[in-house]
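If you look up TrEMBL, you'll see A:9, A:43 marked as thiamine binding site. The domain 'Thiamin/hydroxymethyl pyrimidine-binding YkoF putative' annotation in TrEMBL covers A:3-83, A:122-201.
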């Protein structure tokens, strides 16, 4: 299995380089379980979902704490048939394929309830894609039903769903959506945007 | 059919609001063929691919011309089974499903050759997702083969492909990738990032 994300931080300030570099320190606590490579468009972070999502949460929270209007953008993927197996991605976080949708939804809701607050607000918008299966819409509809009961659901929009709340439960919700829906051997991706301190919300 | 995008502009400058508002004027020439709605995270643009991609190109070029480091981000979708048919999305741009991959690739290459320059450089990174079909990797591999011959191909990365060049052929390449691969009645999405004036490239 191969899992990871292409991640970018967009601070809407003249001091954007400083915000990015100081926020990257939040990844230090996770670096021994991730592989990280950067170019001028994005940073590749390879690792299992149970490390990837908390690492993204901490990166986001550190950037949001600067007070700047900042957006974290990520293209997440697991199980892409074009990528090699990588031992660093070994995970126990993916749902059992024999488990019915309803019990996967319950497990996802319990994980959010167990999740501590992070002390930073997060407005997220994301799309979940389940590929190579005839019933991909069943998995997506099952995921949307879970999201509506997650406590972080804001609203549905065309092509995506909005979440809002503390960064802790918001990123936990995203992790559950990524791990509990779509087969564990399938190809699942998420297109994610998380916004902090937008002047349009004030 | 329903097609469109959730689009955001991220100018990395204290004057980000001015850059966004002045760049949106580039959409005026296209507004009669699009439906546009904005919130604090993104702008929904609904319309056919042959209008949507030139409109995004013009929006990007106007923002890039400010000289600021600016990123355009878009989640594009066509044929999502969860969206209603919309007359504004009527399109003649999608490939004939009976046409073999090789001749769709040729048509895509001809469209790029016919495309005028825009006078702004564009560094793009994108992922194409083809859903609900058992052979989705065949379509994606066929698309990647076209991209390598497009004249805008930069390199493959994990989870995505980089394009570089003038904004004219770069957005034309993206439009062809979106329209010529995956069935016309299928659900196809693109996760797109286009970067201008990055200090990391200087």
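Cβ from N, Cα, C; glycine included.
Automated prediction, rather than curation, is the source of TrEMBL annotations.
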Helix, strand and coil totals (DSSP H, G, I; E, B; other) for the domain 'Thiamin/hydroxymethyl pyrimidine-binding YkoF putative' (A:122-201): 30 helix, 32 strand, 18 coil
For residue A:43 (thiamine binding site): DSSP state (helix, strand, coil): strand
Within the predicted model, mean pLDDT of the domain 'Thiamin/hydroxymethyl pyrimidine-binding YkoF putative' (A:122-201): 91
